[in-house]
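Under the heading transmembrane segment, TrEMBL lists 20-37, 60-83, 90-109, 121-141, 153-174, 186-209, 256-276, 282-306, 318-338, 344-366, 378-399, 411-431. The feature domain 'Major facilitator superfamily (MFS) profile' is assigned by TrEMBL to 24-436.
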């Protein structure tokens with residue numbers, strides 16, 4: 001139990017959580033906005049002239065997307081294991097600085113081979129691979145289980161905000177720098193400007209980003225002890241040991257929960273890279289298409305936050321995945337079957353809001369179920385993201401230019417993936433309840449105790 005001698009314990013805890021929020025969430029949100037801009041601005045560069053300048057056909061562009069994730073996927077688990085043994089305040093900004101430098105170098109690419117090489121090293125670099133799961137692990141090290149969904153959603157909305165305002169930024173660059181004095185193509189300015197902004201934020205983050213509750217220096221002794229104790233009440237590991245152990249990897253691979261959770265997450269990466277192209281195919285010119293991508297992203301931000309707030313308040317996860325995924329499935333079905341431009345644009349809203357509302361809840365459910373020990377939690381988070389990012393590999397192949405402008409096979413496949421996610425959410429809920437019944441039996445109580453969850457499915 002946390003220190004019961006503290007007067008007005010609940011008020012003290014609220015003030016502490018607010019202090020943690022103000023210190024942790026704004027900087028992580030800004031960092032993820034820039035991370036997602038750096039990773040996905042290639043789709044904006046495509047319609048801003050890169051495809052023509054580098055003489056890319058549809059398949060060449062798709063492969064430039066896919067190759068990024070080969071190295072990215074391989075390095076996610078090792079990176080999170082390393083983070084669990086180091087200082088996040090140094091590790092995360094350092095990898096951010098590295099990827100920013102690589103991203104800026106992409107402005108010098110002259111052909112398809114150069115683009116593939118740059119994208120490969122950007123993905124292979126531990127920077128991009130370690131950032132997202134590392135930030136999720138850091139969040140799970142500071143908050144109780146029923147506090148995680150909204151914080152995860154706030155952080156995750158960084159990708160949606162970058163999707164919205166990345167289009168606006170691209171419009172400003174393509175319109176304002178189309179006749180730049182140096183003759184540099186607008187899409188090259190895009191890589192330089194966003195990369196430089198990321199370098200600056202990475203340096204600032206070193207002085208703002210906290211470490212773990214038990215070691216951070218900007219809390220008082222009383223606050224530090226309380227922050228650690230309240231996590232122990234919620235069965236979240238707070239001790240970060242120095243020794244390395246690959247038993248945590250084996251433990252995750254043997255945990256059946258992770259396989260159901262990761263397959264719920266397979267649609268998240270299949271639409272963001274093609275949003276500008278899908279909107280452009282509705283009949284808008286390039287710059288207008290970039291502007292018209294913003295509303296679906298902003299709508300998704302609102303829906304994701306509402307879904308996460310409600311999920312935490314109700315301490316419930318399953319329905320907050322099932323409903324959004326069903327909405328996304330309807331959106332993909334409309335995209336595959338309707339030809340009216342207004343309805344198709346509305347369907348993009350449904351797809352964006354549905355998928356991106358469900359993902360933060362899936363991530364939170366993972367951290368709820370596998371909360372300790374800390375190494376296992378780190379591996380579980382990175383494994384979920386690693387396999388989820390496979391969607392970005394095959395997703396890039398679901399929308400070849402030859403299928404445009406309707407992209408019926410890609411939309412149909414995503415509709416099936418959403419339906420499958422709904423079935424898996426119901427299945428996980430059922431299996432969780434059956435496992436809880438077994439744990440109530442004294443003879444079964446010693447099995448899988450560490451994976452019990454103090455929020456409902």
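Including glycine, each Cβ sits where the backbone N, Cα and C put it.
Remember, TrEMBL labels are computer predictions, not curated facts.
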Inset, instruction - Quickly jot the same-chain residues contacting the transmembrane segment (344-366) by Cβ under 8 Å, restricted to those at least six beyond its ends, or write none. - result: 136, 145, 148-149, 152-153, 155-156, 159-160, 257-258, 261, 264-265, 267-268, 271, 275, 278-279, 282, 292, 295-297, 299-300, 303-304, 306-308, 311, 317, 320-321, 324-332, 334-335, 338, 380-381, 384, 414, 418, 421, 428, 457
Legend entry - Which of 20-37, 186-209, 282-306, 318-338, 411-431 contacts the transmembrane segment (90-109) most, counting Cβ pairs under 8 Å: 186-209
Inset, instruction - For the transmembrane segment (153-174), name the stretch out of 20-37, 186-209, 282-306, 318-338, 411-431 with the most CB-CB pairs under 8 Å. - result: 282-306
Legend entry - Top Cβ-contact partner of the transmembrane segment (318-338) among 20-37, 186-209, 282-306, 411-431 (pairs under 8 Å): 411-431
Legend entry - Other parts of the chain folded back onto the transmembrane segment (186-209), taken as Cβ under 8 Å at six or more residues beyond its ends: 23-24, 27-28, 30-31, 34-35, 37-38, 41, 44-45, 48-50, 53, 88-90, 92-94, 96-97, 99-101, 103-104, 106-108, 169-170, 173-174, 177-178, 180
Inset, instruction - Restricting attention to the domain 'Major facilitator superfamily (MFS) profile' (24-436), give the mean pLDDT. - result: 82
